[in-house]
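Asks: The structure is given below, and queries will be raised subsequently.
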Amino acid sequence: MGARASVLSGGELDRWEKIRLRPGGKKKYRLKHIVWASRELERFAVNPGLLESSEGCRQILGQLQPSLKTGSEELTSLYNTVATLYCVHQRIEIKDTKEALEKIEEEQTKSMKKAQQAAADTGNSSQVSQNYPIVQNLQGQMVHQAISPRTLNAWVKVIEEKAFSPEVIPMFSALSEGATPQDLNTMLNTVGGHQAAMQMLKETINEEAAEWDRLHPVHAGPIAPGQMREPRGSDIAGTTSTLQEQIGWMTNNPPIPVGEIYKRWIILGLNKIVRMYSPVSILDIRQGPKEPFRDYVDRFYKTLRAEQATQEVKNWMTETLLVQNANPDCKTILKALGPAATLEEMMTACQGVGGPGHKARVLAEAMSQVTNPATIMMQRGNFRNQRKNVKCFNCGKEGHIARNCRAPRKKGCWKCGKEGHQMKECTERQANFLREDLAFLQGKAREFPSEQTRANSPTRRELQVWGRDSNSLSEAGAEAGADRQGIVSFNFPQITLWQRPLVTIKIGGQLKEALLDTGADDTVLEDMDLPGRWKPKMIGGIGGFIKVRQYDQIPIDICGHKAVGTVLVGPTPVNIIGRNLLTQIGCTLNFPISPIETVPVKLKPGMDGPKVKQWPLTEEKIKALVEICTEMEKEGKISKIGPENPYNTPVFAIKKKDSTKWRKLVDFRELNRRTQDFWEVQLGIPHPAGLKKKKSVTVLDVGDAYFSVPLDKDFRKYTAFTIPSINNETPGIRYQYNVLPQGWKGSPAIFQSSMTKILEPFRKQNPDIIIYQYMDDLYVGSDLEIGQHRTKIEELRQHLLKWGFTTPDKKHQKEPPFLWMGYELHPDKWTVQPIVLPEKDSWTVNDIQKLVGKLNWASQIYAGIKVKQLCKLLRGTKALTEVIPLTKEAELELAENREILKEPVHGVYYDPSKDLIVEIQKQGQGQWTYQIFQEPFKNLKTGKYARTRGAHTNDVKQLTEAVQKIANESIVIWGKIPKFKLPIQKETWETWWTEYWQATWIPEWEFVNTPPLVKLWYQLEKEPIVGAETFYVDGAANRETKLGKAGYVTSRGRQKVVSLTDTTNQKTELQAIHLALQDSGLEVNIVTDSQYALGIIQAQPDKSESELVSQIIEQLIKKEKVYLAWVPAHKGIGGNEQVDKLVSAGIRKVLFLDGIDKAQEDHEKYHSNWRAMASDFNLPPIVAKEIVASCDKCQLKGEAMHGQVDCSPGIWQLDCTHLEGKIILVAVHVASGYIEAEVIPAETGQETAYFLLKLAGRWPVTTIHTDNGSNFTSTTVKAACWWAGIKQEFGIPYNPQSQGVVESMNKELKKIIGQVRDQAEHLKTAVQMAVFIHNFKRKGGIGGYSAGERIIDIIATDIQTKELQKQITKIQNFRVYYRDNRDPIWKGPAKLLWKGEGAVVIQDNSDIKVVPRRKVKIIRDYGKQMAGDDCVASRQDED
């Protein structure tokens, strides 16, 4: 109603709805056309409010008209709609769109003449753009109006939706009308994320700017006062000019339209980008034999817009190539239209032409339009008195037949012209099935929908017989009849074609069964006596010629419709009703449009369909599959296919549960892997606790859900499967799906989406009815009385049936309790369907899995269910049939669960007016239970939480995780967060939260005293404990022997080391902490270099799956105070260094020695460099270098070869390689294997230098290593290296190994190009695709990274290492003065070893101490001798 009220008044709307879309057409304008137009205008960033007035419509027409020549069909439709609306506003009388366009043209011609006259009168030739962004204010000054956010938003949307397709150019042109260079740059900056495209655009702009400077040299001498300087290329591009200068140039007299010039440059660049994104030539656009003309035209114009040519050339292409490249069917029609035909005339004439359905539709058209059968079905008896000249088959002359011809016999068949047989043996039937003149006896052919909009319904292919006297109504038939006759609507009996269309006919007082055959000219019946005279005749059939008797003017009754015509009687195997009688009763062959719109589906990019061989099947399975598939084929769910389809998916059969019937299964795993991903439209199943209480409820089930939705035509071929034969007796029977297959990944999403669209109108009409839809289950609830409710249910069922969805009565639940989604629903309560836990003596893995599933399902309403001990039984990889003995804990848990399930429990429904409350209880052993309710003791639902996110945790952390899980669950079910009642005191929570606030959040909560309460069992100190002993702990283990040591060194000189077996580095670190806790007093400081150990203990766990961590927790609980600190390993920190030496003795020393053999073996295979071996085998650099030096293949003249590859982060190797006669310049980052490559026009220094500067602009390049090619040794490249600060090194002449990295990468790159070459039209595209694949899609080498990940890691590590080195160097330049305990005298200076967050590690003489930060003064060492302790004051620089 908004559109009616705002755009057109009542009277205007009436006039609007009388205007026809096409001259002589039936369709008229409706309100929906205005709504569509306003939406389209919003896409173009044009105010839809302009449609409300004639002046607004005129402005819109002015904007749209320049883009009409290159615009899409939608743009033309929008222009036509606005033009018609303009005429309605202006009260111009028009009958159709064509008249509206003529009126607009007349007005524009008149206004143009007036404008020319006015211009001549005033002599003012300069026109200022009336469009944004330069407007004239009241004082006559030119003012810049900034480009609007709405326009920018429209531009961003264009790029996002169209992705640099040809439509982008006219849209950019329209959006940037009258813009300044600054505005154009703003537009480009908003889409700057498309870096590759923007780089191409920048290059084009730079080229055009240089060309402008060349053609417009700067005039010598100063600029005259009051005169503006002339713009340079960079000024036009907006980089060196101000906004005021741009406005000045654009409004000057004479103006310099810098905005338009810059816009032209950008469009040139956009053309190049479009060509890259759409690399198809207009010459390659040809119409396929089955392609609808509309689709061909769309492709043609899309590609035409991407062509870089003048408008004149594009017009020539449209006039010649459009017709020339059409398929033969369309070309014949287009040539008949003549050279001056408009595109609209071409589209109308070729509508429905093309493809195998074309001929059948032409015949159907003829049969539906013809009223006098005698004019078409030419029986010889009808033209007895007309003389027909005979014509000779042999010589082609009239007056004699071939038998009497005197000319030499012509070679080959007289009928088809082929050699090898004579006419009597010719197999080409001439049934005259398609006579081109039939379809057009009554003028222009009826317009058929294009192929793409017709989806043949699998259940609606049928033969329709219609006439004026039938009473049975069919909705689809009535519409089709109205289309044919224009005035009278007809009623159609429908005969399905999934079986032979056999009907009962009445002829000569006898009832007979006959076949309706639209492929036969004549009606032929088996031997019978008919009244009247007959004459002999010979007719040709499939089995040869037969002799028949021809009876004329015989009345016959077919399906209640009477006809009179010629009947042939003879020895026919089946009675046939031919077209001579079918046309009289108005019988047509119909392929009705499927009501459900197919969802287009594609394979993943670069993938082809599945080609998995069918495995052998037993005889009974083959028989079952043949039977099932025959039935499915009759129903239209699948279709037979030929050998042209190369795809296959395996099929097999299993017996249904408790039945002798078989079920067909197709293994779509491979197709699923190759099919595009789908967004699951429903992320979970609805829950009954979220249902509102309703007076009346019904549960429906949709029958054959997936098989009611058609599958995308273009995708069907990929669903092909084969039923084999026994012993390969015959070729397998091949089928493909026409509907959504069971087991295919797209079926659920497409079905849900289709179902939602179908239910949407019903939901809108009945807002008070709630429909919960999950797959094929429907829950319908309302507050209507039961009678009214059931009426609405019938309406819903009929609505679904109209769309092809049946709701079987046997699954239609009218009375409670309703079984829905595994739940049992009652009017005022719900529960899960009855759960029976099996009694077993022995339990297999599969049995326990099923048991846990049942208990989890029950836990949503039965409070207190536990499964932790049962789940423990399933740990590890076990076979499904393996028998598992139940532990005592698991048996106890199962017994408790059985007791809980004995008493039935119900949940209530949700009341939106009341708050949600959650209460959580701790069950012990890391298990929690909770209840969600609105009133006490009336639970909406219950649940449990037992997930442990780590091996070591505590109750507060678990409680937090449980709260977050419940909060998420509540948001999903009810859309709001409940209030929580938690068994934890506020003080305990606050203590935890102050340390871990950033990692946890919980909503509003209150304390409830439900034992057992949650508490923290111990706390770690934040500062070192004064007076307590400090333990430096460390551990080490050998990876091969699993032997290890753990120990500690204390500040009081104590030390201890224990040897361990079957251990790891992490375990030894924890063992060392355990030793320190065991051997220390009630207060202790512990210093470790293990981040792993620190992370575990700082989280304050009170339970752990690790026995060792559990022992540490026990020790921590016993202590009064514990301070735990971390220092970095191997940094020379006293206590840490001492304990490291202590535990490493005999352990760490042999670690790298164990790796030497492996490294030597690896080097013999791959000749890896020393850096790779040092990294892969944990070798010291000196050992790795020794392995390389002792390798005879890595030697040159008795010493390590100088060409040994340097893997420093800034080194790149460059080389040129050749492919397909073109030059590819390749740069390889030596350390990572990362590649940059580009096709260059010539192997010159200029191109190489340009490439090198681009490389240096992207990555840190310190050194390049090249061969001695002329382009690399050129002065241009040397100059570029000098400017960018790059060192250039050259390889050893005639030694390819000196360029080994880039040479091997050349080979690798060519190999990848070969793999992707057929996917790209141009080599330069294939090169960039190959570079992308190599850099980001191939992993391996050091770290198992891709080359792209590796280069980033190497550069980041290099920066970090340098920064760390700086810090270490810096830290050694500081001296520390400190105070001990309560002694007020400052001591020092001491050496600073490490500065932590809360404390520092210092070395004073030989003592290493940990001192709190608040008790130290850190000052820089300036190299001067201090006078004494008392001269240290706060005057010094402090840190």
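Placement of Cβ uses the backbone N, Cα and C atoms for every residue, glycine included.
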Asks: Given that Swiss-Prot assigns Asp1034, Asp1089, Asp1140 to the Mg(2+) 2 site, pick the one from Glu969, Glu1069, Glu1114, Glu1161 that the record assigns to that site as well.
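Replies: Among Glu969, Glu1069, Glu1114, Glu1161, only Glu1069 appears alongside Asp1034, Asp1089, Asp1140 as Mg(2+) 2-binding in Swiss-Prot.
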Asks: Which one of Asp1176, Asp1267 goes with Asp1215, Glu1303 at the Mg(2+) 3 site, as Swiss-Prot has it?
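Replies: For Mg(2+) 3, Swiss-Prot names Asp1215, Glu1303; of Asp1176, Asp1267, the listed one is Asp1267.
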Asks: Tell me which of 16-22, 191-197, 1017-1023 corresponds to the motif 'Nuclear export signal' entry in Swiss-Prot.
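Replies: Checked against Swiss-Prot: motif 'Nuclear export signal' maps to 16-22.
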Asks: Pick from 26-32, 54-60, 887-893, 1419-1425: which range does Swiss-Prot record as motif 'Nuclear localization signal'?
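Replies: Among 26-32, 54-60, 887-893, 1419-1425, the range Swiss-Prot annotates as motif 'Nuclear localization signal' is 26-32.
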Asks: Per Swiss-Prot, which of 541-547, 758-764, 1045-1051, 1199-1205 is region 'Dimerization of protease'?
Replies: 541-547
Asks: Which range is it, out of 270-317, 1326-1373, 1374-1421, that shows up in Swiss-Prot as DNA-binding region?
Replies: 1374-1421
Asks: Between 0 and 100, where does the mean pLDDT of the region 'Interaction with human PPIA/CYPA and NUP153' (189-227) sit?
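Replies: It averages 81.
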Asks: For Asp517 (active site, for protease activity), what residues in its own chain, 6 or more apart in sequence, show a Cβ-Cβ distance under 8 Å?
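Replies: Non-local contacts for Asp517 (active site, for protease activity): Ile576, Ile577, Gly578.
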Asks: Please give the sequence-distant neighbours of the region 'Interaction with host CALM1' (8-43): residues at least 6 beyond its ends with Cβ less than 8 Å from one of its Cβ atoms.
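Replies: Tertiary neighbours of the region 'Interaction with host CALM1' (8-43) are 50-51, 60, 74, 78, 81-82, 84-85, 88-89, 94-100, 154, 157, 486.
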Asks: Helix, strand, coil residue numbers for the motif 'Nuclear export signal' (16-22) per DSSP?
Replies: 1 helix, 1 strand, 5 coil
Asks: I'd like the number of other C-beta atoms within 10 A of the C-beta of Asp777 (Mg(2+) 1 binding site), please.
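Replies: Excluding its own Cβ, Asp777 (Mg(2+) 1 binding site) sees 19 Cβ atoms within 10 Å.
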Asks: Around the Cβ of Asp701 (Mg(2+) 1 binding site), how many other Cβ atoms lie within 10 Å? Please give the count over every shown protein chain.
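Replies: Other Cβ atoms found within 10 Å: 17.
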Asks: Going by DSSP assignments with H, G and I as helix and E and B as strand, what are the residue counts for the region 'Interaction with human PPIA/CYPA and NUP153' (189-227)?
Replies: 23 helix, 0 strand, 16 coil
Asks: How do the residues of the region 'Interaction with host CALM1' (8-43) split into helix, strand and coil according to DSSP?
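Replies: Secondary-structure breakdown of the region 'Interaction with host CALM1' (8-43): 20 helix, 2 strand, 14 coil.
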